[in-house]
Amino acid sequence: MNQIIKTSDPAVKALCPVAESEGIATVFDRYQAQQPQCGFGSLGLCCRICWKGPCRVDPFGDGPQAGICGATRDTIVARNVTRMMAAGAAAHSEHARHVALAMQRVGKGQLPAYQIRDPQKLFRIAEKLGIETQDRDMLDVAYDVASKSLEDFQNQDHHKGCNWISSSLPQKRLNRLKKLGVLPHNIDATVAQIMARTHIGCDAEPQNVFLGGIRGALADFNGMALGTELSDVMFGTPSPIVTEANIGVIDKDAVNIAVNGHNPLLSEVICDVAREMNDIAKAAGAAKGINIVGICCTGNEVMMRHGIPLATNYLSQEMAILTGALDAMVLDVQCIMPSLPQIGNCFHTEVITTSDENRIQSARHVSFHEENAVENAREVIQYAINAYTRRDPKKINIPAIKQTAVVGFSAEAIVAALAKLDADDPLKPLVDNIVNGNIQGVALFAGCNSTQTTQDESYQVIAKILAANNILLLATGCGAGAFAKHGLMTPEATKQYAGESLKAVLTAIGEAAGLNGPLPLVLHMGSCVDNSRAVAVATALANRLGVDLSDLPVVASAPEAMSEKAIAIASWGVAIGLPTHLGTMPQVTGSDAVTALMQQGAKELFGGYFLIETDPKVAGNKLVDVIKQKRQGLGI
Ligand code: XCC
C-alpha cells in the first residue's frame, strides 16, 4: 500500500503506519481505492430511483440529456438531494423518538435505570410546550412532555405546526416559513411524503421537489430540538467541564471502552455501571480500572455531561483500535464504520453493536433495550474486561497525543456565565457587545469529517480567521471534536488567536464565571443533534433585538459536511435564515438550476443560503464579509 493520509491530526499520522505494517486497510486506503470517484454521482446526475435505470445525464450536453422516463438533470439532482435531507431527518428523528419514548416510560416509573436529572429544565420545557405544571408530580409532567413531543410524530392536521419548531423559532421566521409552505406538521409524515413525491413519476419540478426537501430539513430541526432538550432533562444539562481529547486519552493501564455513535441512552448507563464494575477491572489486572472514552457524537454527549475524554472524531474512529489498547468499542447508531469489526479481529478488541436496527457483519451483538439497560451495560463492560486479559502487549502503541478541552457550553451554561456579568438581564452583555462591535458576530461550526478534504484542517484555518476578526465561535459534532483534539477549546487558544475585543469579552465572562481566565476560543455545544442549542441562543438574540434570524450577524459553517444528516442540518440552517458555508462540494452541481436555487434562490426565499467554498482561507474571509454585511444591514 502506498498511503495518502489526508489528515491534520498528528495521532492519525502516527497510527496509519501501524495499519500499513499490519496490512490493515483504513478509511484512507479505501478512499484511495475508490479513485477516480464516479463523475456522474459526484455531480448528482445518476438516477437510481427505478429499475429501468441507472440513468445518467451527460454533464457536457453531448450524450443523453434525460433519464429513460424523461427526468431532466434538474429533476434528478433535486430528487437526489431531497432524499438525502429526508434520510438525515429520519436519522435524527429516530434518535429523538427513542429518547422521547424512553422518557414517557420514565414518567410511568417503568425504567429504573433512568431518572429526571434536570427537573428545572423539565418544568421550563413543559411551560414552553403549554403543559400544566402547577402542583404537579414531576414524573407526570415528564410523561406529558414526552407525549406532547411524540405528537410531532403523529399529528395529521396540516394546519397545525410541530410543537417543537413552533416553540423554538422567532415568530417572524415562523411566519416566513409558513408562507412558503415549508413548515412540517409531522416528522414521520414529512419524511414519508418526500419518499413518495420523489418516487418515479411523481414530483418533477425541481424547485417544488427542493422545497419539499426543505420541509424535511425543518422536520430534522424539530427532531433534533426535542432530542436535545429531552436528553438534557433525563441526563442533565451540560455545564463547563475540563477534559481531554485525542487518542492519548486511551490508557494502557486501564480497561478502555470506547462509546461510539449518537444516542446517549446506553452510554449514560455504561458510565454509571462502569463505576460499580471498576473493582472487577482492577481484579483482572487493570491498575486504573475502567476508562471510558468517546468517539463521534456519543463521545460528545458523554464528554459534555460527564467530562469523559474524547478519543477521536468520525474519520479516525478506526485508529482507536490500532492503539492495541482498546478493549471494547460499543456502538449504537449512525456514523459507525462497518470496517470496525474486521480491524477489531486483528487485535483483541471487542466490537459490539447494540441496536437491533444497526448491526454489522462479524461484530458481537448485545441487543440493547432500556428496560434491561443495566444488564446490557454490565454485559458489554464484562466483554471489555475479558478482552483486556487477552491483550497483546507487543501490539500496544498509544501515541502520547492529547489536548486539554473545556467543554459543556449548553445554551443554559452560556446564559449562566453571562449572568455573572448581569444577573438581572443575562443576555444584555452579549447583545451589548455585539451591538458595540466587540463581538462582530457568531459562527456555528457543525458537521462531519470527510475524505474529500484534509481531516480537521479547514475547521482550524477558518476558525482562526474568524476569531482574529472578533467573531464568537460555537461548535458541535465532529467539528467540535476537531477543535477539541487540536487544542482550540482552551483559554490559551483564546489568548493566542482571538482578536483583541473578542479576547476582552471572553476574558471578562470567563473570569466572572470563576474560570480564572477567558472562555475557550471555541465553545463546545455538543453533538450534532445539539445544533438546536445554537439556534436557541440565536433565537434569544433575534427576539431581543426584535429582528429575524436572517438579520443577525450569525453564520454557519460545515467545512467537511458528509452525512445525509449534515445535509439536512445545513438545509434547515439555510431555511431558518443562516448563510451556511459548505467546504465540500455538494452532489448537486450537475444542475445549474438546483445549484442556483441553493444559492441566490434560497437567499430570496429564506434570507439564508448555501455558500459553497472548498478553499478554507477564502471561505473564512467570505464569512467575515458576510458578517460585516449583516452588521451593516442592522445599522450596527
Ligand atoms: Fe457523523 Fe455526529 Fe457528521 Fe460526525 S458530525 S460524521 S454526522 S458523528 Ni454530526
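Every residue gets a Cβ built from N, Cα and C, even glycine.
According to TrEMBL, the residue from C38, C69 that belongs to the [4Fe-4S] cluster 2 site alongside C47, C50, C55 is C69. In TrEMBL, the [Ni-4Fe-4S] cluster site is described by C297, C335, C448, C478, C528, and among H262, H365, H369 the residue recorded at this site is H262. Neighbour density for C478 ([Ni-4Fe-4S] cluster binding site): within 10 A of its CB lie 36 other CB atoms from the protein chains shown. Checking the binding-site residues C46, C55, C335 against ligand 1, the ones whose Cβ sits under 6 Å from it are C335.
C47 ([4Fe-4S] cluster 2 binding site) and C478 ([Ni-4Fe-4S] cluster binding site) are 30 Å apart (CA-CA, integer value). Looking only at other Cβ atoms within 10 Å, the busiest spot among the binding-site residues C50, C55, C335, C448, C528 turns out to be C528. The binding-site residues examined here are C38, C47, C69; by Cβ neighbour count within 10 Å, the least packed of them is C38. When secondary structure is read from DSSP and collapsed to three states, C46 ([4Fe-4S] cluster 1 binding site) falls in the strand class. Listed binding-site residues near C46 ([4Fe-4S] cluster 1 binding site): C55 (candidates C55, H262, C297, C335; Cα-Cα distance within 10 Å). Cβ neighbours of H262 ([Ni-4Fe-4S] cluster binding site) (same chain, under 8 Å, six or more residues apart in sequence): H95, C296, C297, T298, E301, D332, V333, Q334, C335, S527, C528, V529.
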